[in-house]
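S.K.: Below, the features straight out of TrEMBL:
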type	residues	note
DOMAIN	A:6-280	domain 'Phosphofructokinase'
BINDING	A:G14, A:R75, A:S76, A:G105, A:D106, A:G107, A:T108	ATP binding site
BINDING	A:R24, A:A25, A:V26, A:V27, A:R28, A:R158, A:G189, A:A190, A:E191, A:K216, A:A217, A:S218	ADP binding site
BINDING	A:D106	Mg(2+) binding site
BINDING	A:T129, A:I130, A:D131, A:R166, A:M173, A:G174, A:R175, A:E225, A:R249, A:H255, A:I256, A:Q257, A:R258	substrate binding site
ACT_SITE	A:D131	active site, proton acceptor
There are 4 protein chains.
Amino acid sequence: MDKIKNIGVLTSGGDAPGMNAAIRAVVRAAIYYELQVTGILRGYEGLINGDFISMDRKSVANIIQRGGTILKTARSDDFRTKQGRQKAYEQLKANQIDALIVIGGDGTFTGANLFVQEFNFPVIGLPGTIDNDLAGTDFTIGYDTAINTVINAVDKIRDTAESHDRLFIVEVMGRDSGLIALRSGIGAGAEAILIPEAKTGIDGLVTRLEHGRKDKASKIVIVAEGDDAGGAFKVGEVLREKFPSYDIRVSVLGHIQRGGKPTCMDRVLASRFGVAAVEGLIQGKSGEMIGQVNREIRFTPFGQAIKHINAEEISPAWLKLVEILSL
Amino acid sequence: MDKIKNIGVLTSGGDAPGMNAAIRAVVRAAIYYELQVTGILRGYEGLINGDFISMDRKSVANIIQRGGTILKTARSDDFRTKQGRQKAYEQLKANQIDALIVIGGDGTFTGANLFVQEFNFPVIGLPGTIDNDLAGTDFTIGYDTAINTVINAVDKIRDTAESHDRLFIVEVMGRDSGLIALRSGIGAGAEAILIPEAKTGIDGLVTRLEHGRKDKASKIVIVAEGDDAGGAFKVGEVLREKFPSYDIRVSVLGHIQRGGKPTCMDRVLASRFGVAAVEGLIQGKSGEMIGQVNREIRFTPFGQAIKHINAEEISPAWLKLVEILSL
Amino acid sequence: MDKIKNIGVLTSGGDAPGMNAAIRAVVRAAIYYELQVTGILRGYEGLINGDFISMDRKSVANIIQRGGTILKTARSDDFRTKQGRQKAYEQLKANQIDALIVIGGDGTFTGANLFVQEFNFPVIGLPGTIDNDLAGTDFTIGYDTAINTVINAVDKIRDTAESHDRLFIVEVMGRDSGLIALRSGIGAGAEAILIPEAKTGIDGLVTRLEHGRKDKASKIVIVAEGDDAGGAFKVGEVLREKFPSYDIRVSVLGHIQRGGKPTCMDRVLASRFGVAAVEGLIQGKSGEMIGQVNREIRFTPFGQAIKHINAEEISPAWLKLVEILSL
Amino acid sequence: MDKIKNIGVLTSGGDAPGMNAAIRAVVRAAIYYELQVTGILRGYEGLINGDFISMDRKSVANIIQRGGTILKTARSDDFRTKQGRQKAYEQLKANQIDALIVIGGDGTFTGANLFVQEFNFPVIGLPGTIDNDLAGTDFTIGYDTAINTVINAVDKIRDTAESHDRLFIVEVMGRDSGLIALRSGIGAGAEAILIPEAKTGIDGLVTRLEHGRKDKASKIVIVAEGDDAGGAFKVGEVLREKFPSYDIRVSVLGHIQRGGKPTCMDRVLASRFGVAAVEGLIQGKSGEMIGQVNREIRFTPFGQAIKHINAEEISPAWLKLVEILSL
């Protein structure tokens, strides 16, 4: 492989707070190592269409603290086709881009994996998703911000719950993974946490909510959107039947969970990843996602990263912790 | 009327940030004027049941910054009956409480009005509701905090909207009043604001959203829950038909709008009201809601206050302002 | 006077949160009324140097929520000289700018006043300063954000004060005016507030701090930087002598008070002012500052606005309020 | 050793956000395992004086989100003496307290270490300090909140720095350790970070600050209070000499860094530690600090924990990261 001279960078899939910090780090590191860096707008869609912008130090000034992504993001159907990827490859060649850094989640890396195999083109992935559902990294960029957004919202809801002695059922993001629910549920002091990884027994839930209701009538139940009990509204219906006299309310936090200023942890993680990704490309790495495991940088092949095994926290030990704390 | 010696204070109806600051001010002012002060739990329900606690300086230490209400709140069906109010009166007499300060909204003052008329018992009302829908005060306690909560949430949503070039329809509180929607919509830089006070023409909305879409594809529409177009989900449906290729999302902010730390304005307003309410009772006032009009304290009879005329901002001038700003 | 076709806009003096919202409103209103709008960088300095940028709808997209000013700001010695102002006038003429909107405080308006008199050039001022020290408006842009920044900081300090039973002396901005101190002191629940407008009697302060110390040992004293007692460190020294066994700490909040996302009130105020300023110029107004008095838009000649009479709140009634609340 | 029946819990040293979450977890876990739990007020001082309160589930309701410590904290000179510790031991015996959980930093554990050795009394330590300066844990309770408080403050300062093209020197906590400065400096996008662990060369700093000043005149330098260059004011003086025309400002963040709502990470960490500490005592552990290393719970003898070796981040790799990012 020839020496890399020009790195392309894009964000893809759902946006996550800290993506801008990652872009900034990629650009700064590229400049540090005397490489050019090209911003690609709107993810793979912009890659196929050649929506490229040249980036320098000033392009990324004053963005580390901003949510969203200045490169914009999109989901691309075209990149799922061989023709789409072929077109993307031609755009890269036509623009003298030698290597690619893609910031996103499992969909992003699935595409990147095919692309690397088909064109032998150097690509490094950065885990940018609030879901924290990638193998090969303890944390993804955006997860820490999202769980803080959740607990700040639940803190507000608890003010109301306490004042009215209400039971609130709060739905948080997580179609396949209960990680946001679990961690934010512990952080918010929830009385119960329902996640896809653990079968929800309504009877157990009812017992738990009855416990100590005389002492502390206000309760918070956190429900991951993908829980088998069927989302917060469904849980609300069931509980209203079980507790006819209880004042039960449902709140779906929704899209606020994706935005906002990134936390310090997400900014530092993204900064570290961005620099290490550039260094990885220089060292000849490709087809791998960068991650942080036990505080060290680690590279994991795309094929393994997308296997969604980040289940450490959904262990019996963590579930017991929830049980003790929500006493 | 005999000299007042013991003031009862309660919060009633939906909780609002700043209620604790108001309670604190009532307690401190009562002590300053060498009166006793009794906290009544859970609004009129607790009044009827005699859930009373004696309060002193320490009872209200370190609460000015807390959302919700330490006295808890409830809606009371019993107080709507003559018998309920009779029982409440007897509880007050039995506990040597000479006067009452009630913090709440129009339901609270409707009950208080009947109570004053029936028992000639001194009652002063404090406007505590996020809706700002009472005549006789420019601002109610909680309104400023609620609109700040909304714009902080919409700022987060805009990060995502911008990153994906999406149209977001955000529903905010306001069943009968568009005040939260109007002010937070201006503050959030919304591209359109739908309120109950103005008929929503879907055609006009479509024109407005088409305008400049090429330049700036991300848009925010704020919808008051009581808008005639039928809430955010309904608006979303209609717009999806009109813009089949537009990525349209709906977010209902819900109960987070009631909680949270009060803003400085709400803390100062509540503090001022609490002190003035005690002073009003000492001066022999009753049957009136305290308010702030043009920065001055003003008292308004309950019967007028609950007429929901706080329509200054829903004037043609404000609607034109929205039109200009959302260009 | 000829019809205005091109409005110049600048920010000058200390930056204040909400200035960007004001710039946005000026630009949008100019476009609405089919005028051109030119951004002038770095206040009067950029005006003299001809640092001009053409602005359109997109120039002000997504800035309503940002602190600081995208036009940057500066203090200009040159504009204090006749020659400097002459050069500024020539730059305006050379660039076909017919009218000027200046966003700033008393220094800004002092310069603008001379400029209007010397060149009969249309200028409208917008009050943008965290100090709220201008006559002719109840609130200046940035004040509400600044006092919220202060109370959020003091809320944090109170956590520590409570945990350690400490006395904290917190210095806030306000060289000539105690308005930030007064309002944030009430909002933060301070035990004492020291402001330039009221002579600080150390003996009275000592008595006040001794009061109830057994019940509630943690105390917060808010000091305006311009207080006659000499700033927080000086007050700390004096109190350490009076209370040798008290754990007394000093904190100077400093520059964090100028930055941050504007509150909803500041965004709405700035938006309203920006639109009304453009409308004022179109109507032929000049040499006046726009303000909000009793919720209505009002224009005040520069000469009166800079007289610093916004003393409503520094009245005996407010000082008594502080005394009652800090019991 | 007899079976433990009653656990005492105290907080000691400087308060840290998350201490309340830790207390809550200790209480809940004790109840879960059918033990009694006694709160000890004001750290070792209260232990010596017998300031004990019985705690139950309700004592710790609604505190997980609060900064500071409901048990209050203090530094105790008496506990440094043999007699003081003897008295403490007698108080524990007299009150049938069988084991102790102490939440604090190195001073706390130094005292605990002596106490365990002298009286063979079971004590487990929880790392609660914003400084993150203990060996045996990747993170201490409060560190994550503190660095987020710093970056939020610096974000505000950057608004002002940007608007005025200023250089700001911001002093953060860290007398012996640069960890807060390092991580918050990266998170805040600082142009330079001065820490005690790395010798500050003023010449290098000047070169770094001159770099790219034409493009981006606003700069932030983060200084740990214990840096060898002598604190922010001293650095400011030196830089003012080197850059006479630069507008240089100094801001000392001070005590706001200790307070505020804990972040999700601190709440989860504290919750986990609190439960594991109770379980550790039940299993017969003593004389050890609980920590989290590589996401696993680990116990470290007090003697090793207080050796301040948490220097992973003050490695050449991290310093190079700073250099690249602040380009």
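FYI, residue positions are counted from 1 along the chain as it appears here.
A Cβ is built for glycine as well, from the same backbone N, Cα and C atoms used for every other residue.
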S.K.: Considering only the binding-site residues A:R24, A:V26, A:A217, A:R249, which fall within 10 Å of A:G14 (ATP binding site) when distances are taken between Cα atoms?
M.R.: none
S.K.: By a 10 A CB contact count over all chains shown, which of the binding-site residues listed here is most packed: A:V26, A:M173, A:A217?
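M.R.: Selected residue: A:V26.
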S.K.: Please state how far apart, in Å and to a whole number, the two most distant Cα atoms are among A:T129, A:I130, A:D131, A:R166, A:M173, A:G174, A:R175, A:E225, A:R249, A:H255, A:I256, A:Q257, A:R258, the recorded substrate-binding residues.
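M.R.: Comparing all Cα pairs, the maximum is 33 Å.
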S.K.: Any idea what the model's mean pLDDT is for the domain 'Phosphofructokinase' (A:6-280)?
M.R.: 95
S.K.: Same chain only, sequence gap of 6 or more: which residues have a CB within under 8 Å of the CB of A:G107 (ATP binding site)?
M.R.: A:S12, A:G13, A:R75
S.K.: Tell me the Cα distance separating A:T129 (substrate binding site) from A:D106 (ATP binding site), rounded to the nearest angstrom.
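M.R.: Between the alpha carbons of A:D106 (ATP binding site) and A:T129 (substrate binding site) there are 9 Å.
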S.K.: Neighbour count, 10 Å Cβ-Cβ cut-off, for A:G14 (ATP binding site): what number do you get?
M.R.: 23
S.K.: Near chain B by Cβ (under 8 Å): which of the binding-site residues A:R24, A:D131, A:E191, A:R249, A:I256, A:R258?
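M.R.: Among the binding-site residues A:R24, A:D131, A:E191, A:R249, A:I256, A:R258, the ones whose Cβ sits under 8 Å from a Cβ of chain B are A:R249, A:I256, A:R258.
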S.K.: Using the alpha carbons only, what distance in Å do you get between A:R28 (ADP binding site) and A:I256 (substrate binding site) once rounded?
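M.R.: That comes out at 29 Å between the alpha carbons.
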S.K.: When a 10 Å sphere is centred on the Cβ of A:R258 (substrate binding site), how many other Cβ atoms does it contain?
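M.R.: Here the count is 26.
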S.K.: Would you identify the secondary structure of A:R258 (substrate binding site) according to DSSP, in three states?
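M.R.: The residue in question, A:R258 (substrate binding site), is helix (DSSP, three-state).
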S.K.: Checking interface proximity: list the binding-site residues among A:D106, A:E191, A:R249 whose CB sits under 8 Å from a chain C CB, in sequence order.
M.R.: none
S.K.: Under 8 Å, Cβ to Cβ, against chain D: pull out the ones among the binding-site residues A:R75, A:D106, A:T108, A:T129, A:R249, A:I256 that qualify, in sequence order.
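M.R.: Cβ contacts with D: none found.
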S.K.: Please work out which residue of A:R24, A:R75, A:R175, A:R249 has the most C-beta neighbours within 10 angstroms of its C-beta, and give that one of the binding-site residues.
M.R.: A:R24
S.K.: Measure from the Cα of A:D131 (substrate binding site) to the Cα of every one of the binding-site residues A:V26, A:G105, A:E191, then give the nearest.
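M.R.: Checked the binding-site residues A:V26, A:G105, A:E191; minimum Cα distance to A:D131 (substrate binding site) goes to A:G105.
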S.K.: If you count other CB atoms within 10 A of each CB, which of A:S76, A:T108, A:T129 wins among these binding-site residues?
M.R.: A:T108
S.K.: For A:R24 (ADP binding site) and A:T129 (substrate binding site), what Cα-Cα distance in Å is obtained after rounding to a whole number?
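M.R.: The Cα atom of A:R24 (ADP binding site) is 17 Å away from the Cα atom of A:T129 (substrate binding site).
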S.K.: For A:R175 (substrate binding site), identify the closest of the binding-site residues A:V26, A:S76, A:G105, A:G189, A:E191, judging by Cα separation.
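M.R.: Considering only the listed binding-site residues, the nearest one is A:G105.
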S.K.: Measuring Cα to Cα, how many angstrom lie between A:M173 (substrate binding site) and A:G105 (ATP binding site)?
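M.R.: Checking the Cα atoms of A:M173 (substrate binding site) and A:G105 (ATP binding site) gives a distance of 15 Å.
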